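Colleague: Can you read through this structure? Questions will come right after.
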Amino acid sequence: MAANSDSAKRAAAARALDEVRPGMRLGLGTGSTANIFVELLGERVRGGLAVRGVPTSEATRALAERVGIALATLDQLPELDLTVDGADEIGPDLALIKGGGGALLREKIVAAASAAMVVIADHTKVVSTLGRFPLPIEVVPFGLEATRRAIIAAATALGLTGDVRLRMENGHVFVTDGGHFILDAGFGAIPDPLALAQRLAGIPGVVEHGLFIGLATKAIVAGDGGVQVLTRAATTES
Ligand SMILES: O=C(CO)[C@H](O)[C@H](O)COP(=O)(O)O
């Protein structure tokens, strides 16, 4: 039973440990849920489990080092067995919105280099249509306003409207690990994530966007009813 968000996150992260085999090359996600997984994995490593991890952010690198997980760069391990990461939203076909923690670029590169991606989350992240959570879009600082307008035009062409805001943190512009900015796009419901993803990918100045389509192979979702495993085919195991 997962009584609240934290215990649900922990239940999902703990279940994801079942996916880990000795010798695996692991992508390590970013965010509060991924952090719990990294901490639990660290306990297993200290108990003798041999794995190597590629972190998706500097924050995760620091945590993984602290808990004793052997780390490598993606250049050293360009093919990974499994990535375990959180998500801001989990939609139909396990399409995701990610980037709430600002690490979407490395997260997507690492997930794409992985044979499997398992998403861990509390049940509130599961939605019937993506878009309640503002879509993070990573952009280069040069030409910020031109890029922002191009994003709005691309969305408008799909019938989407809403504020596209520069992410701030503690009164300063938020800067990603890659030195880029994030625009948070509050479009509301995104009925065709693939169409939006394709349009965003074609905009100069957009480095990457937080729509993860066709990357997640499984989602482990925990709530008051226990832990559910969702697969791309939308089957459910208990
Ligand atoms: O995409 C992410 C970071 O870029 C995170 O996975 C996402 O924001 C979920 O975070 P949390 O587990 O803290 O809810």
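Any Cβ shown, glycine's included, is placed from N, Cα and C.
For GLU107, the entry in TrEMBL reads active site, proton acceptor. The substrate binding site annotation in TrEMBL covers THR30, GLY31, SER32, THR33, ASP85, GLY86, ALA87, ASP88, LYS98, GLY99, GLY100, GLY101, LYS125.
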Colleague: Check the DSSP secondary structure of SER32 (substrate binding site), expressed as helix, strand or coil.
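Modeller: Going by the DSSP assignment, SER32 (substrate binding site) falls within a helical segment, counted as helix.
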Colleague: If H, G and I count as helix, E and B as strand, and all else as coil, what does DSSP give for ASP85 (substrate binding site)?
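Modeller: Where ASP85 (substrate binding site) sits, the three-state DSSP reduction gives strand.
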Colleague: How long is the line from the C-alpha of GLY100 (substrate binding site) to the C-alpha of GLU107 (active site, proton acceptor), rounded to the nearest angstrom?
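Modeller: Rounded to the nearest whole number, the Cα-Cα distance is 12 Å.
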Colleague: Residues with Cβ closer than 8 Å to the Cβ of SER32 (substrate binding site), same chain and 6+ apart in sequence?
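Modeller: Looking at Cβ-Cβ distances below 8 Å from SER32 (substrate binding site), excluding near sequence neighbours, one finds LYS9, GLY86.
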Colleague: Enumerate in sequence order the binding-site residues LYS98, GLY100, LYS125 whose Cβ-atom distance to ligand 1 is under 6 angstroms.
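Modeller: Within range of ligand 1: LYS98, GLY100.
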Colleague: Other than THR30, GLY31, SER32, THR33, ASP85, GLY86, ALA87, ASP88, LYS98, GLY99, GLY100, GLY101, LYS125, which residues of the same chain sit close to substrate? List them in sequence order, counting a residue when its Cβ is within 8 Å of the Cβ centroid of the site.
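Modeller: After dropping the recorded site residues, what remains is GLY29, ALA34, ALA103, GLU107, ALA121.
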